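Report on one structure; see the data block that follows.
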């Protein structure tokens with residue numbers, strides 16, 4: 001890692017340093033709540049075009065950095081670009097979310113073309129390179145992918161929801177789920193590696209639906225694939241930092257921390273950050289976990305929550321973020337208020353912080 005990269009606050013935290021005030025970026029910080037995003041979305045015509053047209057995707061990625069001075073930019077894309085690049089048909093229905101042509105057996109999986117992944121994701125890599133060239137030197141660029149289980153949920157069910165087909169397949173046809181996850185895991189290693197080569201400082205794995213699984217399947221389909229991705233990325237890119245987000249993982253977050261090798265764990269809004277830091281089997285950075293609905297609501301409670309979360313993890317490596325993505329009708333001024341409040345906080349007395357005993 002270069003000296004310049006080491007000076008970036010987010011990377012300092014991912015390296016195990018407690019930085020005050022904690023650096024901040026927000027999941028879905030580039031999105032429909034911003035009027036400048038809505039203009040570009042209309043110009044693109046459809047969501048896939050927005051993700052795969054590098055000048056537009058670059059501009060969308062940079063918008064929240066310019067407006068709010070975020071400490072990190074996260075690549076603007078979608079977790080379903082990966083199966084789409086493999087050959088699975090994808091469309092985004094207005095008001096209904098993504099629709100994939102379902103994989104309902106091994107024949108459907110075998111119809112995908114891993115050799116097409118590089119060409120299919122080349123626009124993403126161009127976007128990473130363009131963003132890298134335009135970011136302020138202190139701003140971290142985060143690449144990302146969906147974690148294998150979460151991507152498999154969409155590939156098998158074909159749409160969002162509570163994924164009843166995928167959950168049934170886990171029991172009725174475990175070989176199919178294992179094969180889909182194997183395909184996605186292998187592709188994700190390449191996909192994230194190419195993002196790093198294109199200029200990403202670190203990467204994040206979004207396992208938005210990890211909490212659907214019972215403990216034995218969580219180990220098999222969340223922990224094990226994540227550990228493999230982390231291991232292989234570090235073989236190719238020694239020292240690269242990885243953030244994992246096992247959303248709604250509950251107590252399984254502890255073995256996730258122990259066994260995956262991630263450098264930071266994203267916390268959803270159900271997590272008590274101080275309790276997790278005390279129970280964690282090894283020292284990792286934490287990311288989160290302001291409620292997106294409180295961000296939308298604003299008011300006195302918003303400022304109080306910002307300070308409570310930040311103070312609770314003072315002295316521990318922490319990246320301030322949300323517990324899930326920004327909701328579309330969030331007032332941008334509420335985001336600005338969070339940044340202002342966070343950066344106005346003076347360092348406290350560490351011996352009095354919530355983690356003093358850890």
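One-based numbering along the chain as shown.
Just so it is clear, glycine is given a Cβ too, placed from its N, Cα and C backbone atoms.
Of the residues 193, 208, Swiss-Prot places 208 in the same substrate site as 28, 29, 30, 31, 32, 78, 154, 324. Across 28, 29, 30, 31, 32, 78, 154, 208, 324, which the record gives as binding substrate, the greatest C-alpha separation is 23 Å.
Residues within less than 8 Å, Cβ to Cβ, of residue 154 (substrate binding site) and separated from it by at least 6 positions along the same chain comprise 79, 80, 83, 98, 100, 160. For the pair formed by residue 28 (substrate binding site) and residue 78 (site 'Transition state stabilizer'), distance between Cα atoms is given as 10 Å, rounded to the nearest Å.
Reported as a whole number, the C-alpha separation between residue 30 (substrate binding site) and residue 78 (site 'Transition state stabilizer') equals 12 Å. Under the DSSP three-state reduction, residue 154 (substrate binding site) is assigned to helix.
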